[in-house]
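The structure appears below as structure tokens.
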Amino acid sequence: MKKSLVIIMMLMLLSGCIEDNIIDDILMAEAEGYDYIGNNQVIGTITTPNYAQGGVSGSGGGGLPATASMMSSATTVTYDGRSLAENLQPKGQKKIKVGKLRIMLFNEALLKHGFEKTIHFRNQDPEVGRDMYLAMVDGSTKDLLTATYQTAIPISRYVYDLIFQNQQQNFPKNNLSTFLYSYYGRYADPMMPIIKREKDHIVLTGIMFFKHDKYAGRINGQQKAFIFKTLVENFKFGFYDYTFQQNEHAVLENVSSSRQYVVKNGNSATPDIFATIRITGYVRQGSPLLKTKDYNSTIKRGMEKDLEKQIKKMVAGFQKSGIDPIELGQIVRSYTRHFDGASWSDRYPNARFHVKTKINIVETGVSQPR
Amino acid sequence: MKQFRINETHQVSPVYALFIIKGMQVGVSVFSFQRIVSRDSEQDAWIPVMVMGLSTLVIMWIMLRLLKNEQAYGMPDLFAMHRRFFGPWIGNLFSAVIIAYEFCIVIIFMRAYIELLQMWVFPRLPVLSFTAIFCLIVWYIVMGGFRTITGTFLLSFIYLLPLFLVNSFSVTEAHFNNLLPLFDHSPAELARSFIKLSPCYLGFESLLFFYPFLKRPQQAEKWCYYGLLTSLSVYVTTTVLGTVYFSQGELQTLIWPLLDFWKSIHFPLFDRFEYIGIVYWLTVLIPNISMGVWIVSRGIKQSAPVIKQKYALVPVLLLLILICVVMKERSQIDWLNTTVSRVGLCIIYIYIPFLLFWQWILKKKEGMTHEKELSHHHDADAAQRLHRR
């Protein structure tokens, strides 16, 4: 019995062989930025949160900040697709780990060059979660990541929160998981949001679209983003600003938006795609010119027409440049028996897209206009 | 006749058949089978999964019939059956093959889990110390007897329930039109998926070994079917999840799709779910390996009664450790996995029905000899009567 006890104790000792990652002893990279500088070289920037504690007043020794001296960002030049954390180890005060990466930013030049290697690496690496955000930066990612802003929280969380809250509203849902879904998916092209630094703010300016892994176009502003979002997902919050005449607006805040597709002749040279978009919403901000009954006649119909026009224009633009961020190809495939996938890329620009919007204005605010 | 029955103190209630069968079927392959099964049949992958699940019900019926008939002749398990059907020499040879097969399954389980741990959680995990500690646990459980093993199966069933609730997180990001158009693949493509699927459902043939340990086997029958249906539902939902959550192109790039899905879940307290999930999966592995090792050691004892089960157990575990340490590459595990699953497929779809057929033939033959004996007896009686007269 004693002998077996000794053996058991010795076996327990073996378990100490695995390396540990104690949170105080590592630097957790939370944001990565890539700036393309030509010739397959990138400037890579990482930032790590800097848990600066304020000195505790009244305590002896002046309450020295505990970790304020930790580094907060580092930059290197490397080939594209290289793991930044590994490449930056020589600059790391402590071991740099990417397990908690929240955002990855790319500048326009890199996306125009194509970033297949980076995406492949992200899909291959088990260390990073899939609910992080990818975003394009207008300007330099290094500037954006190392600048100081009004908020004191780390830049990674600032950008994360910014994108997160906007994706609850006018911007379509997009994170690494959905990006990979459409990147590797057949008959679909991915997209990502665009952010920009404006002095001490960060602004979400639009959405950019890919053709496979290369930049292929963008839309700006939350109006366009709303229109795009109605096509790609069902959602509950968002607002649409309708200008019914010069300088006169009515804003629809939507309570729910749902889309429905029907496809006919999916294997013909010109497939017909019928989209029906139903939006239910409030108007809380309307022009003083409008009466209650106007909302259910002119405004409603005007909005429907306007949305249809804009949607058609947007889809025609996508078809012209041969990109498919709405994943119309997936929709046609799911409605067509023995779908002819090989010729889809040739047929996609000729597909006939029909859209019908149905807007239901439920309430018009708490005051009775005139 | 007394050695034909297991002492009631070592037997378990009929309901435990559910936990054991479900536990044996749902293993590490849950993480990886979606990619393999949808390679040929894409969005229709759930069809072969469903068909195979339903076919296991038929095989279960055959097995139960086989074991029930066998009760009249001796111990109703596969090793005793082999000896009765084919004589001691050939019978033991067959038993040896089955033992080797079961042992390979144990190795695959162990090795696949270690690979998972090394890939996702601890890249520098030393295989030797992990398997050594693990085998110590297994040794302890198997020494506790069959009831202890069943207990771990029950625990793992309970522990796993919350893990499958996590699947509901996929609903918000699901693309349900990925499942359309239904039935868009040829039977040949579905059949190819069906064959690749085989490692998933294997494991329920362990009933052939633990059947004598079930109290009131008549009542246990329905729990066996319920066990199969539970794992059927697990596999079908996981397949559907893989199809609606990933696009087909993406799914083909992922070796462990379920873990990639877990990777996108986070809770306020823990940022990444797959670390919890993988380590949690140890509770599935423990009963599985214990059962496998129990079958192997019991098989050795049954085939060569000189060796006691507890003495057979130690070399089995040592061999397990050795092989796990020696096997290093993914390609080796893959090769072993495919080979063993093909063998398993043959065992459940060809060998088990064959056994039932053989049993029926033996019974017929026996009946005939019995009749002959009877008629012979009859003749003798008549002769005697004649003689007396």
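These residue numbers are counts, starting from 1, taken along the chain as shown.
Glycine is treated like the rest: Cβ placed from N, Cα and C.
Annotated features, as they stand in TrEMBL:
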type: TRANSMEM; residues: B:12-33; note: transmembrane segment
type: TRANSMEM; residues: B:45-64; note: transmembrane segment
type: TRANSMEM; residues: B:85-114; note: transmembrane segment
type: TRANSMEM; residues: B:120-142; note: transmembrane segment
type: TRANSMEM; residues: B:149-170; note: transmembrane segment
type: TRANSMEM; residues: B:190-211; note: transmembrane segment
type: TRANSMEM; residues: B:223-246; note: transmembrane segment
type: TRANSMEM; residues: B:278-299; note: transmembrane segment
type: TRANSMEM; residues: B:311-328; note: transmembrane segment
type: TRANSMEM; residues: B:340-362; note: transmembrane segment
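Counting same-chain residues at least six beyond the ends of the transmembrane segment (B:120-142), those with a Cβ under 8 angstroms from any Cβ of the stretch are 110, 114, 148-149, 152, 256, 259, 274-275, 278-279, 285-287, 289-290, 293-294, 297, 313-314, 317, 320-321, 324-325. Touching of the transmembrane segment (B:311-328) and the transmembrane segment (B:340-362) is ruled out by the presence of fewer than three CB pairs under 8 A, sequence neighbours closer than 6 excluded. Taking Cβ pairs closer than 8 Å, the transmembrane segment (B:85-114) reaches residues 27-29, 78-79, 125, 127, 130-131, 134, 199, 202-203, 206, 281-282, 285, 288-289, 292-293, 295-296, 299-300, 302-304, 316, 319-320, 323-324, 327, 333, 336-337, 339-340, 343-344, 347, 355, 358-359, 362 in its own chain, all 6 or more past its ends. Across B:45-64, B:190-211, B:278-299, stretch B:190-211 shows the highest tally of CB pairs under 8 A with the transmembrane segment (B:340-362). The listed stretches are B:45-64, B:190-211, B:223-246, B:278-299; of these, B:223-246 has the most Cβ pairs under 8 Å to the transmembrane segment (B:12-33).
Here the listed stretches are B:45-64, B:223-246, B:278-299, and the one with the most C-beta pairs under 8 angstroms to the transmembrane segment (B:190-211) is B:45-64. Distant neighbours of the transmembrane segment (B:223-246): 14-22, 25-26, 30, 33-35, 37-38, 43, 45-46, 49-50, 53-54, 56-57, 60, 64, 164, 167, 170, 173-176, 178-179, 200-201, 204, 207, 254, 257-258, 260-261; these residues of the same chain sit at least 6 beyond its ends, with a Cβ under 8 Å from one of its Cβ atoms.
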